[in-house]
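What follows is a single structure, written as structure tokens, with notes after it.
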Amino acid sequence: MHLKSLLLAALPLLLEASPTIKGEDTASLAINTSSGIFAPYFDRQQPNVASFLDIPYAETPIGNLRFAPPVEKKNAGDDIVHTTKLPAGCIQYLPALLRGTINDGPITAGTFQRGDYANTTEDCLKISLFAPEKSVRAKEGKKTQALPVIVWIHGGGYSVGGTNVPYQLAQNWVQRTQKHIVVQVQYRLNLLGFPNAEGLAREGNNLNLGLLDQRLAVEWVRNNIARFGGDPDRITLWGESAGGYAVDGYLFTWAQDPIIKGVIADSGNALALEGVVGDSRNHTGFSLAAKSMGCGGLLPKDELECMRHVPERNLKEYLQAEVGQGGAADDGLTVSVIADNITVFSNYTERISGNSAKYPANIPVLIGTNTNEGAAVVPYKFPGFETATELPDQLKPLADGFGLNLQCTTLKETRLRAEAGATTYQYLYAGNFTNISPLPWLGAYHTAELPLVFGTYETEGPSTKFERRMSERMQDLYLEFASDPSHGLEKSGWPRAESQPERSKLVKLAADNKVEQVFSAKKLVDECVQNGFAV
């Protein structure tokens, strides 16, 4: 898929590192980790942030490791690695149903929400780590308090995305607060991360490899973050969209050994997965791809082995092909997590209880949605789209359905968690800023809150005073939660969710020129019930 010219012009500025501005050899600040020795780079725009841009946490998943669980990366020796640009992303695939939406890049804001198609590889199981300079220097005898850690899991429908998304880079946030560390994780996507292959299923092998990648990355953080000045006992897992599903679902998968102490789920939750998990018995998608790769007509075991030897270039061409070029989009390839009742479950609603073997209700969750989620999933180029203030009637059912599903499953989960005695805080984001939502009808679309939290909201143009205030407050709120998941937001006046939805309260962000305001969930609950959603 081609990228817009503006993206091509901007990406080198964002992805390539400026020359180091520290008056020393950064090798003196190198950190010895379980997967190698890494020296930081310092950018002119964020001079007090030590950026470790390209750290592998797993072996390259090629050959026999393609379509297999990730293998921990081992320290290769004494060489110091000093990288000056972000890692190449995992191979991308934009499904047919998202072609023609803002996710397809017709406007720059939409383009900046997904990864760089031109720079992808299977050698992508990397993290990018951003820490205050002072925390990295602690090993020189300048003691600092261990910092809370936020591990970011990107969205993108398990098909696109990565670290190299300008809206989703954490340096500005860390530069401003100097009080936390952010680790951004890449994981395998689409056919390579979620291969519903019969050859795997027959042997009882896991089909949700991308989720196993995420877990291995969390283990890497636990084992290494203290060396960067981070607190391994204060790790919060944060994700949005598919990343929101992943981090919320993580609690169910790793209930007996979660490692993390808090979860932030933006516009995604485990209960919403119940309606979109794939059928573990339907292997036609993988076999169709295999046929296109010259591996058709084989027994399942042989099909899998053949696909493990397909050149990476061929896979990239197939997955990233434009419509009409005989690629995955033309084959109608769909990507979904598979309910195996090990990493993904089909009964999340039933599993939320006080039974810690099934669900760790002791881990607090901050969860929320946006007021116009569905604007991101409808065809954008309708008549008059450049000046319209709302969607045309024929597109509203699709947009409303997408948004209501997120809103109502979120309300349902907050109720179930409250019944289980779990600490839960809920937000509703309503921000509408022209440098993020340049078309009048977009509003607070799916992902629109992220530039505020990351502090990248000026990527597309200057901000307003209110937008800057909003960004700083959201950054502080997320950090308050990560610093003390049980009580941090409560100290800021946030109410905990209650077991009776009509009595529960949540916090509305960026609505009516107000930074935050507490309001009743009853109106949202009523809207769900009127549209047939159980909360």
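Glycine too: its Cβ is placed from the backbone N, Cα and C atoms.
Here the structure is a predicted model, which means the values were calculated and not measured.
What Swiss-Prot records as N-linked glycosylation site, among N282, N435, is residue N282.
Within the set of recorded positions N32, N119, S241, N282, N347, the entry lying nearest in space to N432 (N-linked glycosylation site) is S241 (CA atoms).
Secondary structure at N32 (N-linked glycosylation site), taken from DSSP and collapsed to helix, strand or coil, is strand. S241 (active site, acyl-ester intermediate) carries neither a helix nor a strand DSSP state and counts as coil.
Sequence-distant contacts (6 or more apart, same chain, Cβ under 8 Å) of S241 (active site, acyl-ester intermediate) comprise G155, G156, G157, D266, S267, G268, H446, T447.
The glycosylation sites close to N341 (N-linked glycosylation site), defined as a CA atom within 10 A of its CA, are N347 out of N32, N119, N282, N347.
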